[in-house]
Amino acid sequence: MSELAHGTLAGLAEIADTGRDARRGGYSRHLWQGPDLELRAWFTERAERLGLGVETDRNGNLWAWWGEPGPDAVVTGSHLDSVPGGGAYDGPLGVVSALEAVARLRASGFTPSRPLAVLVFAEEEGSRFGIACLGSRLLTGGIDAGRARALVDADGVTLAEAAHRAGLDPAHLGVDREALARIGLFIELHVEQGRGLIDLGRPVAVASSILAHGRWRLTVTGQGNHAGATLMGDRRDPLLAAARAVVAVQDEALNHPGARATVGRLEVVPGGTNVIASSVHAWLDARAPTDAATRDLVTAIEAAVGEAVTVNGCSVAVTEESWTGTVTFDAVLVGRFRAVLGGGALVPALPTGAGHDAGVLAASVPSAMLFVRNPTGVSHSPEEFAEVDDCVAGIDALASLLRSLL
Ligand code: GLV
Ligand code: MN
Ligand code: MN
């Protein structure tokens, strides 16, 4: 990222070494753990240097205010956490671009007529506590606070304990009507996570919609036993059953137009080389073009997986962990933003299969997104990328929108 070391994207260069994951490649930046804490300190320092006043809300989201906080504020931002082994742009590009757009407005002597904040959401990827967009869900009441407090990370630490260690009062986690009421409009700039802008040959788009999506835990239960002493015909091996289940997930997704279904995480219990597992947890991520299509897909997966595991004498229990309905961004706002940015021929409207805090917020406040071209078309991976010129085009677009709104 050496070409970013100066100029408008210096922010990305400043955090380029934070949270690098030597084992997985890419970055692992998880809520309130070392790298995430460093990024929060970096953001605070950066925003304060710009003359913004930084505060943390009751759910751990960071707000950097230009002027007095709300009401009717224009708010822009994204997140700084990552998936395990993620790329450099998913989240940070939106935060760095927001700070840069504000820096430009300030440097030009612009005086806003309404408050503006740069917002950094906590735990957008759900990599530590399992629920994506946790900060925005808590803020908007999209998750029950009691349920959220009881979420546990891989080390058995509850969200309540982690929040306490991070200096928050766990009793105050949950819907924050006061903070929400300050938002007049939210804009999230994000690296594109598919190939839409590559195919169209454009650097920047406005988001039109987000696929319905959710996460389900599949717990496959068999019989733990000895790897050497148990004849092949005497086994009830849940890992073999889980392997069949993973194939069944793919087959069902292929049967449902526009659907995507993924098992990207397995936990084998107890997990010994010479031990036939007793159970396997597999996490399903399923997405489809409508709420009904996504529900149909998951119903079909449950049936197929239930049947698949019986071949190995196992059973499966399916638990829903999170759900986000289809998001259609406000068409008037999308049209207005495209017009401000030069018209539809220059700035397309694109749907996405990736989830975002802007999608969660859209149920409560007017929300919109800008996408910046990703020439690899790859995301949630170290291969995720954006050219400097396209990032600059994204910042230009965001600054123009902010100027038109303020
Ligand atoms: C977040 O990036 C998601 O789509 O899961
Ligand atoms: Mn992501
Ligand atoms: Mn993201």
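Cβ atoms are placed via backbone N, Cα and C, with glycine included.
For H79 (Zn(2+) 1 binding site), the number of other Cβ atoms no farther than 10 Å from its own Cβ, over all displayed protein chains, is 30. Under the DSSP three-state reduction, H79 (Zn(2+) 1 binding site) is assigned to strand. The Zn(2+) 1 binding site annotation in TrEMBL covers H79, D90, H190.
Same-chain residues at least 6 positions away in sequence with a Cβ under 8 Å from that of D90 (Zn(2+) 1 binding site) are, in sequence order, S82, V83, H190, V191, Q193, S379, H380, E384. Marked as Zn(2+) 2 binding site by TrEMBL: D90, E125, H380.
Other Cβ atoms within 10 Å of the Cβ of N274 (allantoate binding site) number 8 in total over all chains. Residues annotated as allantoate binding site in TrEMBL: R215, N274, R287.
The annotation domain 'Peptidase M20 dimerisation' is assigned in TrEMBL to 215-307.
In terms of DSSP secondary structure, the domain 'Peptidase M20 dimerisation' (215-307) contains 38 helix, 31 strand, 24 coil. Taken residue by residue with DSSP, H190 (Zn(2+) 1 binding site) is part of a strand.
DSSP assigns E125 (Zn(2+) 2 binding site) to coil, not to a helix or a strand. Taking E125 (Zn(2+) 2 binding site) as the reference point, the binding-site residues whose C-alpha atoms are within 10 Å of its C-alpha, out of H79, R215, N274, R287, are H79.
Cβ neighbours of R215 (allantoate binding site) (same chain, under 8 Å, six or more residues apart in sequence): G126, G130, I131, A132, W283, L284, D285, E320, E321, S322. Other than the site residues H79, D90, H190, same-chain residues with C-beta atoms no more than 8 angstroms from the centre of those residues' C-beta atoms, the Zn(2+) 1 site, are S78, Y89, G91, P92, L93, G94, E124, E188, V191, H356.
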